[in-house]
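The next block holds one structure in the form of structure tokens; read it before the comments.
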Amino acid sequence: MVDFNHYVELATPLLDKYGYFALFGAIFVEGFGIPAPGQTLLIASSILAGRGELDIVAVVVVAWLAAVLGNSVGYAIGAWGGKKLFYKVGFSPKHFAKVEHYFEKHGGWMIVGARFFEGLRQLNGIVAGSMGMPWLRFSFYNMLGATLWVAFWGLGTYWASEHTAAIAHALKVIEPYVIVMAAIAFSLVLAYILTTRSFSPKTFLQRKPNQAGLPSNLELRKPDKESS
């Protein structure tokens with residue numbers, strides 16, 4: 001479990017030295033898959049703003065721009081070569097088409113929700129680009145997700161800066177459960193997409209030899225009757 005207060009303490013000297021550039025850079029590169037403490041720096045920046053050391057308006061604007069632009073770069077990367085990456089990790093064209101179809105229906109809200117989960121946030125734009133989501137649709141949900149994310153972690157932390165210790169403790173308690181539930185939900189959705197519901201033993205046995213993986217020239221001979 002990550003120590004929330006420890007990361008804020010580490011981020012504060014970085015923000016003291018580089019200010020808004022550190023905040024922008026971390027969130028921006030995080031948007032296209034590079035691990036960086038973007039969310040931690042956003043929280044730390046909001047705490048410093050609550051102390052009067054940074055301007056909360058500047059923190060919110062910088063974080064929002066970095067989030068939108070970073071995920072836009074991720075989208076471009078995904079649109080350029082993301083599909084090949086999916087094939088390399090084991091996706092077949094058929095499986096990819098199923099995921100693409102599901103993403104076409106529900107991808108917008110997946111982009112918004114993924115913004116709040118570590119690991120998913122970094123791959124958000126890359127996946128959207130790989131799935132061929134239209135640019136305008138992606139941009140809308142990308143900006144909506146960035147707005148909600150910055151409002152929650154930026155403004156929310158700023159307004160609740162006097163209760164940072166309580167918030168950190170609550171996050172420490174619920175984070176393992178959130179991660180487990182997110183992993184289970186993702187696994188169930190992926191299993192639902194990739195598996196067909198039409199399989200049954202009866203249909204399997206009724207398939208022709210070449211459909212069942214047997215040689216097409218295999219002849220099934222009936223046993224000779226025993227001579228009386």
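A Cβ is built for glycine as well, from the same backbone N, Cα and C atoms used for every other residue.
Annotations in TrEMBL come from automatic prediction, not curation.
The feature transmembrane segment is assigned by TrEMBL to 20-44 (among others).
Annotation source TrEMBL lists domain 'VTT' at 37-154. DSSP labels the residues of the domain 'VTT' (37-154) in these numbers: 99 helix, 0 strand, 19 coil.
Among the features that TrEMBL reports, transmembrane segment is placed at 56-77 (among others).
Taken from TrEMBL, the feature transmembrane segment covers 140-161 (among others).
The annotation transmembrane segment is assigned in TrEMBL to 173-194 (among others).
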Determine which residues of the chain contact the transmembrane segment (140-161) at the Cβ level, with the cut-off under 8 Å and only residues 6 or more beyond its ends counted.
39, 42-43, 45-47, 49-51, 56, 59-60, 63-64, 67-68, 71-72, 75, 107-109, 111-116, 124-125, 128, 167
Cβ under 8 Å to the transmembrane segment (56-77), counting only same-chain residues 6 or more beyond its ends: which ones?
20, 23-33, 38, 42, 45-46, 49-50, 115, 122-126, 128-129, 133, 135, 138-139, 142-143, 145-147, 149-151, 154-155, 158
For the domain 'VTT' (37-154), would you mind checking the mean pLDDT of the predicted model?
85
